[in-house]
Structure formats: C-alpha cells, structure tokens
C-alpha cells in the first residue's frame with residue numbers, strides 16, 4: 001500500500017491517491033468523514049477550523065460500498081478557496097495583478113519551511129512554499145489513515161491516540177483496562193487527555209499562549225491492540241516495522257522526536273529493568289509479562305500493544321512574530337503572520353493515529369496475500385493460529 005497527496009492549503013482541494021488497498025473491503029465516505037471531524041476538533045484550534053467542514057468525496061476505487069482493488073481517489077474541498085481564487089489561481093497573472101493581490105511573502109518564519117524551501121526551489125514568493133508545507137495537508141493523510149484504520153478494525157486491530165503532555169503539563173493519571181476505555185475517555189476531552197486535572201491545566205496553558213500571541217507544543221501517544229507477533233522484519237534495515245512507524249511519526253508537520261515504550265528512559269535503566277520477560281499459556285500462547293519495549297523487538301511486532309510517542313514542537317507561526325530577514329531587501333523584519341493555531345497537539349494525536357495505522361496496514365498487506373480482503377483476513381487468521389501453537 002502507498003499513497004500520494006496533492007494540493008495547497010488555500011487551493012481548491014486536497015487530493016490523495018491510494019494504491020494497494022485490497023479488493024472487497026467495506027468502505028464508506030462516512031468511515032472517512034468521522035476521522036476528518038475528529039482532526040478538526042481540539043482546544044487551541046484557529047479560525048480556519050470554523051471555515052472548513054471537511055467531507056471526503058471518494059472519486060474512484062469504491063463501488064457499492066466495497067473497494068475494487070484499483071487506486072482510491074479521495075478529495076477534500078477547501079471551503080476557504082472562495083476567498084483565495086485570485087491569490088491561488090492557476091492562470092498566469094500580470095505584474096499589476098500581483099501588486100493588487102498583495103499576498104506575496106518575503107519574510108520567512110523561523111522554524112517553518114519558508115526560507116529553506118524558497119532556496120531549494122527558487123521561489124521569490126514564499127507563499128509557494130508555505131501553501132504546500134502547511135499542516136492543512138494532513139487532512140488527506142487522515143483520510144488515507146481512515147482507510148487503513150478501517151482495514152485494521154476489520155482484522156481485529158484497534159488504534160487510538162491521546163495527549164500525554166502540552167506546554168510542560170504532563171498527564172499523570174493514565175489508567176485504562178483496554179483501548180476502548182482509552183477512546184471513550186479521550187473523545188470526551190477537549191484536549192484528548194485521559195487525566196482530567198491535567199487537561200484543565202493544559203487548556204489554561206493554551207489560553208495563556210494564545211493571549212500572549214505565542215504557541216505551545218506537547219507529546220502525543222498512539223496505542224495499538226491486536227497486532228499479531230512477527231509482523232515486520234529483522235532481515236533488512238528498511239523492513240524493520242518500528243523504523244517505518246518512527247519515520248511516519250516524524251513525517252507529521254512539527255514533529256521532532258519519537259520513542260517506543262519506555263523510550264529514552266531505557267538509557268537510564270539496566271537491561272534487567274528494560275527487557276520484557278516471555279511467558280506462555282494454553283489459551284493465549286506467547287506474551288510478555290511487561291511491555292517496556294512498546295510492542296517491538298528486532299524490528300517486528302511482539303503481539304503486545306504497540307505504544308509509540310511523538311514530540312510536537314510549538315507551531316512556528318506566531319502572532320508575536322520572531323525576527324527574520326526580508327529575502328528581497330535583506331533588511332531585518334519580524335516574520336510574516338499567517339492565520340494559525342496556538343496549539344494543535346490534540347489534533348496531531350489524530351494525525352499520528354492515521355500515519356501509524358497506515359504503516360501497520362501496509363505491513364500486513366506486504367506480509368500476507370492481500371489482493372482480496374477475504375484472502376488477507378483468512379491468511380491472518382491462519383497465521384494467528386500458527387503463532388499461538390508455535
């Protein structure tokens with residue numbers, strides 16, 4: 001499975017083309033729209049989310065509620081496009097029209113792709129960079145992830161994301177019996193956090209940052225239950241599944257760190273307090289008595305829940321902008337201001353779910369017969385039986 005996305009933040013639409021989704025899998029627009037709606041929620045979102053009401057148009061690859069095995073085409077329209085038709089139009093414009101539009105950006109924002117992208121592609125108007133590097137693109141990544149989550153759910157695999165930290169405030173009271181309880185609690189939290197006391201403090205921190213014209217980041221965690229052991233590979237570096245998941249997390253806008261299980265705490269512990277002891281029983285087969293490694297050993301799943309965290313830096317677009325340099329005059333100025341969120345960590349947890357789900361679904365379709373969904377399901381069921389009896 002793979003996908004490509006196209007489109008700009010204020011262009012007419014965002015598009016994703018998905019390849020390799022098994023034929024015969026039940027899929028509806030509502031499956032995707034539910035995930036798009038979750039992405040738009042979250043305390044700290046900006047005015048853009050009041051404009052956009054993201055809904056998907058499945059333009060190919062599905063017929064009568066089931067996938068065809070051909071590429072899926074997913075389209076999400078940008079409602080804000082009506083205000084940007086001149087600025088973002090595809091037809092050539094004159095110099096007079098350029099002056100009239102007055103949306104040229106020559107003052108790059110520190111921490112954003114603006115300057116480096118301008119240098120790489122020779123763009124003198126940095127809007128050509130920021131329109132594509134914007135996190136708005138994650139809309140169709142969530143749409144693609146919704147397809148992957150649907151596939152996983154039909155195979156008995158559940159994925160959930162939640163917020164562990166915002167602005168230095170850490171959730172301490174995180175206790176749940178299963179992933180369903182985690183989902184139920186976080187879906188009712190404005191910041192997608194299980195710890196209600198910490199959530200209140202997080203919202204206060206977001207309010208303070210917004211009032212100060214600043215932004216704050218945080219830590220999200222994705223938990224996956226139901227993956228069988230041995231998915232991935234130890235044979236080659238680029239087939240290690242935890243490496244692919246790490247890359248997926250790091251590919252999300254503004255993410256600068258990733259860890260599994262205990263994460264960097266492992267560096268401060270002896271091996272006897274890090275590695276998970278192996279157990280076996282007649283009913284469940286192999287398991288681990290702990291899950292400090294977060295569900296991966298040797299680049300493969302262990303059958304334990306996958307636990308991966310991602311670190312999101314504060315959004316670089318500030319209403320109290322930092323110093324920058326105008327690329328035309330080379331004079332010092334404050335950076336350009338674009339409409340933005342003060343904190344997007346809660347929404348980013350939904351994006352993180354999506355990219356992790358995609359990598360896991362891709363790994364399963366690579367490892368098992370996957371032209372048809374029923375073949376994939378049957379092959380995975382047989383593999384689970386073999387794993388239990390090994």
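Cβ coordinates are placed from backbone N, Cα and C, and glycine is handled just like the others.
Keep in mind the model is a prediction, meaning the values are calculated, not measured.
Marked as NADP(+) binding site by TrEMBL: 39, 45. Annotation source TrEMBL lists FMN binding site at 132, 133, 134, 253, 254, 298, 313, 314, 315, 316, 317, 339.
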Surrounding CB atoms that lie within 10 Å of the CB of residue 132 (FMN binding site), all protein chains
18
Determine, to the nearest whole angstrom, how far the Cα atom of residue 39 (NADP(+) binding site) is from the Cα atom of residue 313 (FMN binding site).
18
Out of the binding-site residues 134, 317, the residue with the smallest number of other Cβ atoms within 10 Å is 134
Sequence gap of 6 or more, Cβ distance under 8 Å: name the residues on the same chain that satisfy this around residue 313 (FMN binding site), in order along the sequence.
111, 217, 254, 255, 256
Secondary-structure category, per DSSP, in which residue 132 (FMN binding site) falls
helix
Might you list, by sequence position, any residue in that chain lying six or more from residue 315 (FMN binding site) with a Cβ less than 8 Å away from its Cβ?
215, 217, 254, 340, 341, 342, 343, 344
Looking at the binding-site residues 39, 254, which one has the fewest other Cβ atoms within 10 Å of its own Cβ?
254
